[in-house]
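Take a look at the structure set out below.
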Amino acid sequence: MEGTFREQLFFLVLCLSFLKGDTRYIEENDITPEGLFALLNSELKREIPETLIYRRPLRCLDMVAVEGQFTFTADRPQLSCASFFIAEPDQVISVEYDSVDIDCRGGDFIKVFDGWVMKGEKFPSSQDHALPLMERYVDYCDSGTVRRTVRSSQNVAMLFFRIHTAGSSFTLTVRKPINPFPCNIISQTPEGSFTMVIPQQHRNCSFSIIYPVEIKIAELSLGHLNDFPIKRSIPGCAGAGDFVELLGGNGMDPSKMFPVADLCYKFNGPAQMKIGCDNTVVRMVSSGRFVNRVAFQYRLLDRQELQRIKVNSVEDFCFTG
């Protein structure tokens, strides 16, 4: 009961803080990592027969973690609305407009963003995304019937919308196609395991866990033959061309987070580290010369662990141990 009440309370606070910001640009929201996943926990996952499609109304501030059809109907002007979409790590988000009845000329809009935005910070960062920032936005009012389906590059996407007239509405269908080589992932849970593989591609991939966690590296293969060094807070691996870094911070953008450790040599684990930040990221940088692979596990830190590493930490950001 305590957990349920806590989630409902976070959801209420989120709604109130979000609605107070109607005059601000909708990306500059006050959503916190803890509140964001209160939204995720409120989205009930259910098994639905393949012959049926899950349907429900879309809220002004919403989290969608299931496939289905979602309809928003304005009962009054709604000027600052956002929906977060999230799928499994090996899936992407597909948003298809089924019907749209809004006034684009009157200032209404519906925009899909390829990634997530929280407190003005974006995931994936511009350094880790294949598209320029402005091309990551797809505005229905600009594309209309030309592009009725928008597909994300990773397992998260967002919908921003503004509607001025009561009675205006839109309906969309969300699907989650499989992604054979996942890159740039936000975890739905505070505990789990993942293996990230970059198959000889020049790209950067981040796995983001929006919780304070313990990370345990089980395997690292970067095409190097040397033994494994771990360098705390020293960007000594950047010159290697292929490396993995552990990052910690309280925002969404990995490029604005603090380096906790660099890993740049072949390694068969385990090696572990506790990071007491709101967001922990495992980020792989690949030159494209090798098939790079990192396997890791993660678990949520409890309150006692957080307090212990906070007391013992000599770092000036978050807490590490």
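One is the number of the first residue shown, and numbering goes on along the chain from there.
Using the three backbone atoms N, Cα and C, a Cβ is placed for every residue, glycine included.
Look at TrEMBL and you will find 1-23 tagged as signal peptide.
Residue counts for the domain 'Corticotropin-releasing factor binding protein N-terminal' (53-176) under DSSP, helix first, then strand, then coil, are 14 helix, 63 strand, 47 coil. Among the features that TrEMBL reports, domain 'Corticotropin-releasing factor binding protein N-terminal' is placed at 53-176.
The annotation disulfide bond is assigned in TrEMBL to Cys60-Cys81 (among others).
Taken from TrEMBL, the feature disulfide bond covers Cys104-Cys141 (among others). Residue density at Cys104 (disulfide bond): 14 other Cβ atoms are found within 10 A of its Cβ, drawing on all protein chains shown.
Residues annotated as disulfide bond in TrEMBL: Cys183-Cys205 (among others). Cβ neighbours of Cys205 (disulfide bond) (same chain, under 8 Å, six or more residues apart in sequence): Asp128, Pro182, Cys183, Asn184, Ile185, Met196, Ile198, Arg283, Met284, Ser286.
Taken from TrEMBL, the feature domain 'Corticotropin-releasing factor binding protein C-terminal' applies to 185-307.
Over all protein chains present, the Cβ of Cys237 (disulfide bond) has 22 other Cβ atoms lying within 10 Å. Look at TrEMBL and you will find Cys237-Cys264 (among others) tagged as disulfide bond.
Annotation comment: TrEMBL describes Cys277-Cys318 (among others) as disulfide bond. When Cβ atoms from all protein chains are considered, those within 10 Å of Cys318 (disulfide bond) total 22, not counting its own.
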Most Cβ neighbours within 10 Å: which of the disulfide-bonded residues Cys60, Cys141, Cys183 is it?
Cys183
Cys264 (disulfide bond) versus disulfide-bonded residues Cys60, Cys104, Cys141, Cys277 - nearest by Cα:
Cys277
From the disulfide-bonded residues Cys60, Cys81, Cys104, Cys141, Cys277, pick the residue whose C-alpha lies nearest to the C-alpha of Cys237 (disulfide bond).
Cys277
Around the Cβ of Cys277 (disulfide bond), how many other Cβ atoms lie within 10 Å? Please give the count over every shown protein chain.
24
